[in-house]
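In what follows, a structure is listed as structure tokens, so that the remarks can point back to it.
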Amino acid sequence: MTTPDSIRTAANRYGSLLQICCLQSPISYSLARPVHAHMIASGFQPRGHILNRLIDIYSKSSKLNYARYLFDEIPQPDIVARTTLIAAYSAAGDLKLSRKIFSDTPLGMRDSVFYNAMITAYSHNHDGHAAIELFCDMQRDNFRPDNYTFTSVLGALALVAEKEKHCQQLHCAVVKSGTGFVTSVLNALISSYVKCAASPSAQSSSLMAEARKLFDEMPNRDELSWTTIITGYVKNNDLDAAKEFLNGTSKKLGVAWNAMISGYAHRGLYLEAFEMFRKMIMSKIQLDEFTFTSVISVCANAGCFRLGKEMHAYFLKTVANPAPDVAMPVNNALITFYWKCGKVDIAQEIFNKMPERDLVSWNIILSGYVNVRCMDEAKSFFNEMPEKNILSWIIMISGLAQIGFAEEALKFFNRMKLQGFEPCDYAFAGAIISCSVLGSLKHGRQLHAQVVRYGYESSLSAGNALITMYARCGVVDAAHCLFINMPCVDAISWNAMIAALGQHGQGLVKEGRKYFDSMHNVYGVNPDEEHYARIIDLLCRAGKFSEAKEVMESMPFEPGAPIWEALLAGCRIHGNIDLGIEAAERLFELKPQHDGTYVLLSNMYAVAGQWNDMAKVRKLMRDRGVKKEPGCSWIEVENKVHSFLVGDANHPEVRQIYNYLEQLVLEMRKIGYVPDTKYVLHDVESDLKEHELSTHSEKLAVAYGFMKLPHGATVRVFKNLRICGDCHNAFKFMSKVVGREIIVRDGKRFHHFRDGKCSCGDYW
């Protein structure tokens with residue numbers, strides 16, 4: 001016979017057993033199931049705290065289906081059961097179900113702990129805005145925030161803080177609530193100030209000072225307090241202050257030491273990073289996977305192959321049988337190290353021997369193949385990957401775009417979307433760069449519209465790619481408009497804009513100088529060698545060699561190869577042989593195997609008729625074993641690419657092409673075309689010079705386009721080297737005679753020939 005006393009006794013016994021299940025390791029959670037089964041078999045009807053304890057145990061053991069079944073069986077679940085399930089769904093990353101339980105709970109049943117659970121759910125799942133909004137709702141609903149509330153909401157603020165007022169508002173709320181002396185709350189507040197100070201949108205310089213003031217005034221500091229302030233200074237690039245704090249504590253803060261190593265590495269201070277690692281060992285600070293990955297990454301970036309191998313050996317020696325969560329990130333760092341040092345075979349060997357791999361491991365090997373331009377291997381590896389994420393696609397799209405396989409990059413971009421991956425700003429950047437390579441303005445504009453639709457118009461990577469695309473397609477006004485409207489610009493943005501102005505010839509030198517000068521004077525960005533190369537290129541193409549020399553003399557470093565290359569290119573255009581010789585001689589010292597220097601100098605001599613000097617340069621080239629990259633032009637007709645070399649005799653329709661060109665030149669002569677034989681780089685008779693000009697690869701490709709493409713269709717030709725001067729002039733006449741637009745993308749820029757004119761303004 002069941003009596004109240006017997007029910008009470010059974011409830012106490014089951015409660016005690018379940019308490020044991022809660023206190024033990026996760027393995028003992030499985031013991032709760034037989035206890036639960038015994039309840040059912042004995043006819044015991046659990047209520048109240050027994051049901052809540054079962055829900056809690058099943059939630060913590062990731063048996064959410066059991067927990068939810070019990071919850072749904074309760075006619076009126078209490079606030080404890082609801083709070084438990086919100087936390088469980090949050091831990092599983094299911095914010096939607098967490099929020100549903102929260103929203104379905106009547107206001108009269110809620111308490112502060114209940115709100116804390118939902119705020120924490122948002123914070124842990126990186127939805128800072130939703131957490132802050134719920135905190136405001138909590139106050140409007142007259143629920144009093146406690147320590148845990150502020151710790152959670154400040155953690156959420158750290159995810160999204162961009163303005164000083166956001167931190168100040170919550171700081172005031174903390175003070176008013178009386179929790180301003182609680183260590184966990186103050187740690188979270190310091191973290192918010194630190195994260196806000198590091199935000200690109202932050203404008204105030206007082207944020208780190210406020211964090212420091214809070215730290216100094218803390219009544220009690222724990223290890224997290226020290227770690228937060230030290231890592232905060234590291235994130236805000238004040239490594240001296242971080243080091244001062246680290247030296248000022250006797251606590252062995254492994255996280256802070258790791259942050260210092262990472263901070264030095266990020267600034268390129270590799271020796272300081274290695275010294276910090278040495279001191280870490282001497283101080284007997286516990287090394288972890290973050291230590292090893294940071295130091296191995298320093299070795300990779302600094303190109304210290306021997307030291308990196310020693311780190312590999314040290315890890316194997318000091319960490320016996322590492323746990324998977326330790327071994328995997330270290331192995332991933334080692335793979336990156338070896339492929340960056342050109343040892344792709346060793347990287348692949350480490351990958352093959354890894355007992356466990358994650359998606360990061362696969363992506364690193366994929367990046368290795370792409371970076372050494374082994375695209376066939378990369379594509380094969382990509383197809384073998386058991387799973388892919390958006391980064392996998394970005395690696396392939398960007399890699400293909402950067403080495404000139406633009407059409408294939410766009411095909412990957414479309415495949416990515418077809419397979420259900422939503423493109424991010426980096427994926428768009430790779431696709432847009434592909435449009436730059438192809439000169440596909442129409443497709444580039446379509447991608448620009450998609451960038452806006454997806455909400456990436458403020459993205460630096462997408463914005464920089466769009467500037468380059470518009471500039472290389474001849475729409476410099478659109479590039480300029482994008483640049484001035486970008487909410488944030490970086491060095492790449494400046495490079496892209498200066499290059500855009502340089503690509504579009506005379507009349508924009510003043511603007512280019514204005515942008516260059518404003519980098520430091522207005523925006524505080526110090527120009528690097530690439531920026532100087534861009535402005536010197538701009539000045540030299542305009543023939544302003546004295547100004548270019550002044551800029552070179554003002555540089556805070558010795559001019560490198562990019563500077564001299566820009567100077568030599570300008571000298572070739574304007575026939576400045578003396579200065580061109582000086583630039584070439586410096587390039588012979590810096591890059592003795594680069595064919596472009598020899599070719600440009602010999603071409604300058606040829607144009608000036610100095611054939612003996614040209615022959616000397618060609619002989620020097622042969623003696624040094626330098627081979628000239630052959631000029632090649634290609635055109636796509638009916639989904640097939642047709643390639644042409646100078647004097648091509650291999651194309652199956654080459655005879656018809658030459659006949660067509662011969663008739664076309666006759667028509668061009670009637671309206672004023674005269675072959676410019678100074679571009680023939682051999683000392684031969686005049687009629688032979690004219691014949692040689694007619695066999696240039698770009699002329700053959702354009703003529704084939706006229707012959708094969710539909711009447712009126714734009715002819716698009718690509719050339720690996722700079723377009724010949726006579727060909728440039730001839731295409732202006734061709735566009736007028738045939739009545740078509742001709743677009744030629746050479747090694748430097750796009751040329752749009754229409755009605756006898758070129759978009760470059762003859763500033764090729």
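Yeah, the Cβs are placed from backbone N, Cα and C, and that goes for glycine too.
The model shown is predicted, which means the values in this text are computed figures rather than measured ones.
Annotation source TrEMBL lists repeat 'PPR' at 111-145 (among others). Cβ atoms under 8 Å from those of the repeat 'PPR' (111-145) belong to residues 79, 82-83, 86-87, 89-91, 93, 95, 98-99, 102, 105, 152-153, 155-160, 173, 177, 179 of the same chain, restricted to positions at least 6 beyond its ends.
Taken from TrEMBL, the feature repeat 'PPR' covers 253-287 (among others). Within the chain, the repeat 'PPR' (253-287) has long-range Cβ neighbours (under 8 A, six or more residues past its boundaries) at 223, 226-227, 230-231, 234-235, 237, 239, 242-243, 245-246, 294-295, 297-298, 301-302, 304, 307, 318.
Positions annotated as repeat 'PPR' by TrEMBL: 358-388 (among others). Beyond the ends of the repeat 'PPR' (358-388), by six or more residues, the same chain brings 328-329, 331-332, 335-336, 339-340, 342, 344, 347-348, 351, 395-396, 398-400, 403, 405, 421 to within a C-beta distance below 8 angstroms of the stretch.
Per TrEMBL, repeat 'PPR' is recorded for 389-423 (among others). Secondary structure by DSSP for the repeat 'PPR' (389-423): 26 helix, 0 strand, 9 coil.
Residues or ranges marked as repeat 'PPR' in TrEMBL: 528-562 (among others). Residues in the repeat 'PPR' (528-562) partition by DSSP class (helix H, G, I; strand E, B; coil) as 25 helix, 0 strand, 10 coil.
Taken from TrEMBL, the feature domain 'DYW' covers 672-764. When averaged over the domain 'DYW' (672-764), pLDDT in the model lands at 80.
With DSSP states grouped into helix (H, G, I), strand (E, B) and coil, the repeat 'PPR' (111-145) comes out at 26 helix, 0 strand, 9 coil. Secondary structure of the repeat 'PPR' (358-388) per DSSP (helix as H, G, I; strand as E, B; remaining residues coil): 23 helix, 0 strand, 8 coil.
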